[in-house]
Amino acid sequence: MEQHNLTTVNEFILTGITDIAELQAPLFALFLMIYVISVMGNLGMIVLTKLDSRLQTPMYFFLRHLAFMDLGYSTTVGPKMLVNFVVDKNIISYYFCATQLAFFLVFIGSELFILSAMSYDLYVAICNPLLYTVIMSRRVCQVLVAIPYLYCTFISLLVTIKIFTLSFCGYNVISHFYCDSLPLLPLLCSNTHEIELIILIFAAIDLISSLLIVLLSYLLILVAILRMNSAGRQKAFSTCGAHLTVVIVFYGTLLFMYVQPKSSHSFDTDKVASIFYTLVIPMLNPLIYSLRNKDVKYALRRTWNNLCNIFV
């Protein structure tokens, strides 16, 4: 064991999504298309909510940061995954692996709390409309975004440093298509009980606390909606529709990964779920908000008309 502890690992080999040669080209084309749509959609949402004068409300402030999160973790994973489809050996350096893990944890963790902040914003807008501008002031919105960034950066650095200061045994094949904390643990020679406990505790705290905020907000929203007339209900459902869809898809995927029985848990199952929340969800989110939000649709139409007037 002592000899294993002295083994230096300079790089890792990612097993990728599949080792079936016939699937490499079609999967590359599929995921490239998904990634390009995701980047364009989220960049477009960031620019639109920043520049359009009618989208300068707390809801779109949070939506801009949600798009930034989606762009962040999809870009942390996507380009390297695409490169792996066209090379013979899916190699990632030791330090790039650590960097990828750190950024991924920041973005994916922050998204949980951004979605929570958005649900609270919806609660205030529907249940306390007269006090909305007072409660959801610019300073409050900035704090609700800054805290998740700082907290998740701390957790990310803690987990990444803990893992990469432990000893690897020399076996460097990661059973995944990117560097994530759980697939890295079997490669460690050192006792992993402490880091496993850290990951479990913070994953549970993040997932449960953010989900409770979302559930409580929607429970109070539902109570308020039941007291409204039919026109008010329709407007409230329209306001909540896009966010609720995103919440169900995102939390549903994470709960599928972490709540399934240990006997049925496998890295292959995790790969499928990971593909969904690292690539598919970041592509879907801007589409959901574009299709289900009237303000965003009108802003897109105004922007398109302005571009047509400039170039035509």
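Cβ coordinates are placed from backbone N, Cα and C, and glycine is handled just like the others.
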Is it the same side of the membrane for Thr49 and Arg227, going by what Swiss-Prot records?
yes
DSSP-assigned states of the topological domain 'Cytoplasmic' (218-236) in counts, ordered helix, strand, coil:
16 helix, 0 strand, 3 coil
Among all chains shown, work out which of the disulfide-bonded residues Cys97, Cys189 has the most CB atoms within 10 A of its CB.
Cys97
Which listed range (26-46, 55-75, 140-160, 198-217, 237-257) shows the maximal number of Cβ pairs under 8 Å with respect to the transmembrane segment (100-120)?
140-160
Which whole number is the mean pLDDT over the topological domain 'Cytoplasmic' (47-54)?
85
